[in-house]
């Protein structure tokens with residue numbers, strides 16, 4: 001419930017800022033968030049009780065300095081990461097649902113990851129070319145060809161890199 005309320009608050013805030021300055025990005029806007037809220041208070045629904053207390057010109061100088069703690073002080077973990085990303089104008093799950101053309105050897109399907117390897121599932125192509133999902137580890141610097149539909153995949157690291165479990169590969173020999 002909180003996530004829905006805060007998410008709708010952020011979308012309303014972003015829409016108000018964009019509407020107030022159509023040629024400038026949120027980060028480039030120099031007016032405080034409280035200015036937009038005061039000018040557009042009618043655009044905010046009655047159920048948005050979090051915004052008037054948290055977004056004010058006293059606590060915020062620019063939208064770029066807004067922190068999750070100002071919007072929802074109890075957010076932690078993945079929820080906090082999602083809210084931080086939304087405040088920055090990006091969606092955290094953009095890398096979780098890759099879309100694109102069928103991957104070939106010359107132009108493989110690119111799958112984004114925060115780490116050097118990731119589990120990926122291949123459902124095949126469209127329509128008659130679909131098959132049961134084939135799950136596999138996709139690793140940085142290595143192409144993978146689906147054994148059923150021959151689609152090619154490659155990993156693009158967009159985060160810190162390293163192993164997803166936080167341990168180096170050299171630790172594997174100690175767990176046998």
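Glycine too: its Cβ is placed from the backbone N, Cα and C atoms.
Around the Cβ of residue 146 (Zn(2+) binding site), 20 further Cβ atoms fall within 10 Å across all displayed protein chains. Residues or ranges marked as Zn(2+) binding site in Swiss-Prot (evidence: sequence analysis): 122, 146, 149.
Per Swiss-Prot, the feature region 'Disordered' maps to 157-176.
Under the heading transit peptide, Swiss-Prot lists 1-55, citing experimental evidence as support.
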For this session: Would you pick out, from the binding-site residues 122, 149, the residue whose Cβ has the largest number of other Cβ atoms within 10 Å?
Result: 122
Exercise. In the same chain, outside 122, 146, 149, whose C-beta lies within 8 angstroms of the Cβ mean position for the Zn(2+) site?
Worked result: 123, 124, 131, 134, 145, 147, 148, 150, 151
